[in-house]
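K.L.:
Have a look at the structure that comes next, please.
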Amino acid sequence: MASTTGCESISLTELGERPIPMVPEGPNNDASVTEAEAKVPYLKLIASGFSFFVAGVNDGSLGSLLPYVLETYHVSTGLVIIVYVTTLVGWLVAALTNSTACQYLGLGAMLALGAALQVLAHVLRVWLPPFPLYAITFFLASLGQAFNDTHANTYVAAVKAAHRWLGFIHAMYMAGCLVGPLVATAVASANRQSQWNLFYIFPLGLGLINLILILIAFRDSMSVQHSSEAPQSDDPQPSSQDARSTRAVREIKDTLRVPAVWLTSLYFFFFLGAAITAGGWIVEYLVRVRHGDVHQMGYIPTGFYGGAFLGRLVLAEPTYRLGERRMIFIYAALCAGLELVFWLVPNIGVEAMAICLLGFFSGPFFATGISVASKIFPANIRSSGIAFVFVLGQIGGSLFPVLTGIISSHTGVKALQPMLLALLCATGISWLLVPKAPRLRAD
């Protein structure tokens, strides 16, 4: 895949030729690969993992910053959901434009575009812009994450032993979610007059490193795909631009015709809805309902994300060996039970332990889902199918925090608990609807 110049050429060639996809490293796939070339995939995997770490810092910090955002901008919980709405719009725009953009930009260029948009978002946030502009930065960040992480995810799903590497990059995301609340709470509570906006200097620096890593690791697929580089079609096309549009539309249609894509997307839709809703509203819940101290409660999401980080590292291999379908359903049942403990036991210490364990057992959900999707999707739509699943899942992760905010504006943030329980149950049920994956990979 290193030698491809367009995202679509990845999905229609390298990803679909064999049950155990390999990653070619050079202009040809000869056995005589140099030592330098052999090291390239590891740099790309590190760059892919770091892009998820950056996204995790961004996503994980919002819950800890939310009470300060409400106070600084003098907005209610009903109005602050605009932040989640703009995030949702960013992912929707990415879903609509991804296939077309891939007709013009190579893999590296798509990754770099996503990284650059995230850098722009953090630049705007640092100087504490007016609330409307602050909300717009979440559109830029989510659009950038969609381009960056979707294609990094698709790239990693094609390597040998993908379930391990997917576990790695998604553990990196949770590591970012773990670090984000720690740094955000430390910065926001450092002074009597909070300067929480200065926290964004941290993800800004990480974003610049992310962009540099991508430019170096994926430099061989950084060019814009011109008409002479476009794959040729058997049917005569009136123009190169029309040909690209036709290919993009055809691939989207082919992807949407596959039932497994929709069923897998439903699973991610509910799971990310649960995970991001929990991370975004848990601090506000503990402060308003359990009357916890805001400076201390800001660290609680760290336990949730820390548990998920360990779960993605520790449970990836046993989940794969013992049966992905069986184990994910067991984890979902355990998570629902822990959510009941979190809801019904009015003790912050017990709740903190429950949310940590909930994060731990939900850790393998994402990487396992992507690993299964790479096995059950037809070869010709595998790349676009995984991208669609990823984006639709993130839409769920944006939609349900919005719904929680709308309900909370009328009933109070106590509405978080039944929402989380329903989402976790829906995650387990939807997982049973995902088709069984053949064990084709001899990893």
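Cβ atoms here come from the backbone N, Cα and C positions, even for glycine.
Below are the features listed in TrEMBL for this protein:
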DOMAIN    44-438  domain 'Major facilitator superfamily (MFS) profile'
TRANSMEM  73-94  transmembrane segment
TRANSMEM  101-121  transmembrane segment
TRANSMEM  127-144  transmembrane segment
TRANSMEM  165-187  transmembrane segment
TRANSMEM  199-218  transmembrane segment
TRANSMEM  260-283  transmembrane segment
TRANSMEM  298-315  transmembrane segment
TRANSMEM  327-346  transmembrane segment
TRANSMEM  352-373  transmembrane segment
TRANSMEM  385-409  transmembrane segment
TRANSMEM  415-434  transmembrane segment
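Where in this structure would I find these features, and how exposed are they?
P.N.:
Confidence for the domain 'Major facilitator superfamily (MFS) profile' (44-438), expressed as mean pLDDT, is 87.
Only residues 6 or more beyond the boundaries of the transmembrane segment (73-94), in the same chain, are considered here, and those with a CB under 8 A from a CB of the stretch are 62, 66, 131, 134-136, 138-143, 145-147, 150, 280, 284, 391, 394-395, 398-399, 401-402, 405-406, 408-409, 413.
Counting only same-chain residues 6+ beyond the ends of the transmembrane segment (127-144), those with a CB under 8 A from a CB of the stretch are 58, 69, 72-73, 75, 82-91, 93-94, 113-121, 197, 394, 398.
A Cβ distance under 8 Å defines the sequence-distant neighbours of the transmembrane segment (165-187), meaning residues of its chain 6+ beyond its ends; these are 45, 48-50, 52-61, 63-65, 149, 152-153, 156-157, 159, 195-196, 198-199, 202-203, 279, 295, 298-299, 301-302, 305-306, 308-309, 311-313, 316-317, 359, 363-364, 366-367, 370-371.
Residues 290, 315, 318-319, 354-355, 357-358, 361-362, 364-365, 368-369, 417-418, 420-421, 424-425, 427-428, 431-432 of the same chain lie 6 or more positions beyond the ends of the transmembrane segment (327-346) yet place their CB under 8 Å from a CB of it.
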K.L.:
Of the listed stretches (260-283, 352-373, 415-434), which one yields the highest count of Cβ-Cβ distances below 8 Å with the transmembrane segment (298-315)?
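P.N.:
Comparing 260-283, 352-373, 415-434: 352-373 has the most Cβ pairs near the transmembrane segment (298-315).
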